[in-house]
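Each remark here refers to the structure printed beneath this line.
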Amino acid sequence: MEEHFPEPSVNNLTSPSPSNIPFTVDRLTENVTVTVRFRPLSPREIRRGEEIAWYADGETILRNEENSSIAYAYDRVFGPTTTTRHVYDIAAQHVVSSAMEGINGTIFAYGVTSSGKTHTMHGDQRSPGIIPFAVKDAFSIIQETPNREFLLRVSYLEIYNEVVNDLLNPAGQNLRIREDSQGAFVEGITEEVVLSPAHVLSLIAAGE
């Protein structure tokens, strides 16, 4: 069934995220939120004389640098000086804690090449990304909940040109997406039981 929602507006600003809920910061507790993080200019872009085209106007508005009347409203906007830790705390941490309570959750980065997706999701030793933060929080919640049993399993897959490949098993190519009474699943995907944050990150590194 396909649903259509009216495009909301706040002070005549349009929002690319479909919703019929009044736009407030409280929407961070709703089912789907859309946040925008934009990076600073790279040294190469600065050398070429390129200029920043958009800027954050407060916490929810993205405004055009050349024409300030062009603006979009999102659930949250993060400027170029925002740390990944802050992005995680605001935009992702509640998804992780809800998942540990049994609620399905998804966090994904979308953007053009070189827009900063890998930096935001993976990070590096000096500046961890959302994935390391999420893994650490998941195991912290397990330690803080001794009266419950948890079983964590990790899969790592790639979807490219509608082909699903298992990144933890080179033989797992062109896998099928199936559905049963429990929901959708990838047939034959590797699922590794994990016992520590380091174990999870080592599997991700192997998949990379």
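Cβ from N, Cα, C; glycine included.
Noted in TrEMBL for the protein shown:
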| type | residues | note |
| --- | --- | --- |
| BINDING | G111, V112, T113, S114, S115, G116, K117, T118 | ATP binding site |
| COMPBIAS | 9-21 | compositional bias 'Polar residues' |
| DOMAIN | 31-208 | domain 'Kinesin motor' |
| REGION | 1-21 | region 'Disordered' |
Environment of G111, V112, T113, S114, S115, G116, K117, T118, the listed ATP site - residues of the same chain whose CB lies within 8 A of the CB centroid: A109
Fewest-neighbour residue among binding-site residues, criterion Cβ within 10 Å, set T113, S114: T113
Which same-chain residues, if any, lie at least 6 apart from K117 (ATP binding site) yet have Cβ under 8 Å of it: A109, Y110, G111
Long-range Cβ environment of T118 (ATP binding site), under 8 Å and at least 6 residues apart: G129
Other CB atoms, at most 10 A from the CB of V112 (ATP binding site): 7
